[in-house]
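Structure below; questions to follow.
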Amino acid sequence: MSKKRLHEIAKEIGKSSKEVVEHAKYLGLDVKSHASSVEEADAKKIISSFSKASKPDVTASQTVKPKEVAQPSVTVVKETGSEHVEKTQVSKPKSRNFKAEREARAKEQAARKQANGSSHRSQERRGGYRQPNNHQTNEQGDKRITHRSQGDTNDKRIERKASNVSPRHDNHQLVGDRNRSFAKENHKNGRFTNQKKQGRQEPQSKSPKIDFKARAAALKAEQNAEYSRQSETRFRAQQEAKRLAELARQEAKEAALKAQAEEMSHREAALKSIEEAETKLKSSNISAKSTADNRRKKQARPEKNRELTHHSQEGQKKNKKSWNSQNQVRNQKNSNWNKNKKTKKGKNVKNTNTAPKPVTERKFHELPKEFEYTEGMTVAEIAKRIKREPAEIVKKLFMMGVMATQNQSLDGDTIELLMVDYGIEAKAKVEVDDADIERFFEDENYLNPENIVERAPVVTIMGHVDHGKTTLLDTLRNSRVATGEAGGITQHIGAYQIEEAGKKITFLDTPGHAAFTSMRARGASVTDITILIVAADDGVMPQTIEAINHSKAAGVPIIVAINKIDKPGANPERVIAELAEYGIISTAWGGECEFVEISAKFNKNIDELLETVLLVAEVEELKADPTVRAIGTVIEARLDKGKGAIATLLVQQGTLHVQDPIVVGNTFGRVRAMVNDLGRRVKSAEPSTPVSITGLNETPMAGDHFAVYADEKAARAAGEERSKRALLKQRQNTQRVSLDNLFDTLKAGEIKTVNVIIKADVQGSVEALAASLVKIEVEGVRVNVVHSAVGAINESDVTLAEASNAVIIGFNVRPTPQARQQADTDDVEIRLHSIIYKVIEEVEEAMKGKLDPVYQEKILGEAIIRETFKVSKVGTIGGFMVINGKVTRDSSVRVIRDSVVIFDGKLASLKHYKDDVKEVGNAQEGGLMIENFNDLKVDDTIEAYIMEEIVRK
């Protein structure tokens, strides 16, 4: 049902909004202003009431046509004595809405009660249910008044009415019963009699006229009075709130002024105390300085002045006697006065006639010329160092704008400014980090130039796979270890020392495979000379170029050994030309690199190669100091089951002894035993000597530096500190999610991982294998090295593999019987290898198997929505026609509107006429519903598609 606002009703009937609002309130409607809304029935009621109020009064003589109301058929009989006159029977009206009428009358009666009082309301209620409108008269009302005027009793009239009521309208009869009972009660109580006695007029044949203007004016006056009372109450409340707020502000202001005054008094007291301390300090400094000057003058006085002083003192003795007598009399008087003052009413008073203690003069300390400070020194520490009072320094800092206490730490800049104010040169103290062993390799000032001697050169042999590096080293050592290498590849770095022409040469053998790039780089960092071995029949290969780059980066000279010249296809000139392209130019061509043609297999020109090495070493002037504590580099490290951690070290400076406390990388320990390259125990190792040691608490990393410390306590502290720093650095390197890398992190979450555990015989192989596996590039899959270590595969590795769903890869190691049994029980896979590129190929195949299938979108067809049908509790059904291809039940669909995709989802149903079908072909019509989408519109395009799997190549 629609609603109307009061100002619209006022405009419609030509009245002011104010009058309409007051009239609506009078009718009992809940309105507040001209913007209030009322129901359409209430609006009609307001309009009709205005129209009735505007009609002229109808006199008693005028005949007014009664308003047709829905009443039952009633025959009214007028009685005059014994005479019965029958009036015209009222025609049967239409059915009435009694409930609405009752509600309207109730509202009207409430308004009348408020305006005229309860007595008039009772009179209106006696008008009965049959009056549809109190502003009009009806024939039935006239009859009731006639009955009362003729003196009929109320009981007879009620009985007559009851006999004429039609039994068809039960509700009407009930209302009549209520009216009759109300009339009887009034008659018994004598209310009608009282009304007549009080001179009230009998009700007329028509309803009394209501003066709406008077009632509205009275209501408005009452509202104005109520509003004035409320306004006065609000005004008083506001005045009281303002008064309380003003009091609160005054109290807060007084408290602030009081606090400010206290703060100013404290500040003045502090400044006064500082000034007093400063004046005392100045006076003490002046007195101390004058005392010192007088002392120096007395000491510098010659003997003649001393004699004159002696004579003058003898001449003054006579005058002193008279002064002494006067002083004795004065002292006697003072003593008598003190005696009289001591005794008070028999009380014992302590004797205070003791001599005052002499005041010790404060010593004057000169400021130092230099001040060495550390970050975070306190004011008290600085005052103690420069021999000044902390209060003085606090005051200076206060004048500089720095608020500090004597226990507060100061930064370096503040300390320097303070020293400038005192005129002292400030220097920051350089703290030596005992845990930093890298400083020994960067700064050689700790070496003694008098003890520096010539040392053996460290030579690294580099080259491509199977170009003869190990064969050359085997020939140099007269050993055949090269034949035992799997696949023709050296598995770890070895260090060997030979003697030629009374001089020693240390050789490092680096692997030739690309996987050992980091190991070769580590070898180049400790070497003095590089022997680049190139096969005469193969020429320059990729690993040869890498070896050249590592040697150039290390800044070491290169000696080229062209091997396999005994083969029929050997072409040394081609090798020389190819190396020239990479900056390795022979001395025969005007370059700086020495070229030697050899045959490692047949021991040809090996002596010439060694002589070339010694010649280059002599040119390089390799020196070392064997008297200092030893430092060097870890060549290789491994874990032995019986001996523990074993590290192969190359001593670079100093001499390493057994029982030396040592720090190796992030580990520490004491050298228990030392073994040289021949397997013999030695007690010391000089510079350029490779040895294997035991006694470390953990296995170090290949390439770590080592240093010998003064005692085991210092070594332990340095090792633990380095371990903590390494752990902290590892945590800091952990990538955290930020706005910049958030997308990459989310993308990485979709990548599959292959977890592996690596166990190898030596540390270098572990690092090389882990680096090679991580570099394998398979889109969508990566290798995650869960754990890598040196040693055999044990039960802990199997347990870790089971927990992390990893594969164990053993390189040149075997599992223990217990580990193999546990792996069979827990279904853990163990792969054993001795050739590195076999491991890489196997892991790459496993990574490809981890990939999810790749899908490609295939368009099936298109359809146009011709009509839409909305079904309650079901959704929107789209009637469509296929214009291209087909639409299948299991396909996905896109809803395209104005060339923009607005939804992408699955079909909920597909029908052809009334039948469920699996597909609808081209030029056919059907109906469809889309899951979770009901916003289909005519002319929308439906694109059907499926995702097909693509076979990986």
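Every residue, even glycine, has its Cβ placed from backbone N, Cα and C.
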Among 563-566, 763-766, 847-850, find the range that Swiss-Prot records as region 'G4'.
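Checked against Swiss-Prot: region 'G4' maps to 563-566.
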Give the nonlocal contacts of the compositional bias 'Basic and acidic residues' (229-240) in its own chain as ranges (CB under 8 Å, at least six residues past its ends).
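Residues packing against the compositional bias 'Basic and acidic residues' (229-240) from afar: none.
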Within the domain 'tr-type G' (454-623), what mean pLDDT does the predicted structure show?
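A mean pLDDT of 78 is what the predicted model shows over the domain 'tr-type G' (454-623).
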Can you tell me how the residues of the compositional bias 'Basic and acidic residues' (229-240) break down into helix, strand and coil by DSSP?
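Across the compositional bias 'Basic and acidic residues' (229-240), DSSP assigns the residues as follows: 12 helix, 0 strand, 0 coil.
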What number of additional C-beta atoms lies within 10 angstroms of the C-beta atom of Gly463 (GTP binding site)?
25
If H, G and I count as helix, E and B as strand, and all else as coil, what does DSSP give for Lys469 (GTP binding site)?
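Helix, per DSSP.
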Tell me the Cβ neighbour count for Lys469 (GTP binding site), meaning other Cβ atoms within 10 Å of its Cβ, over all protein chains shown.
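Lys469 (GTP binding site) is surrounded by 28 other Cβ atoms within 10 Å.
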Helix, strand or coil at Gly463 (GTP binding site), per DSSP?
strand
Taking only same-chain residues 6+ apart in sequence, whose CB is under 8 Å from that of Ile565 (GTP binding site), what do you get?
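In sequence order, the residues whose Cβ lies under 8 Å from that of Ile565 (GTP binding site) (at least 6 apart) are Ala536, Pro572, Glu597, Ile598, Ser599, Lys604.
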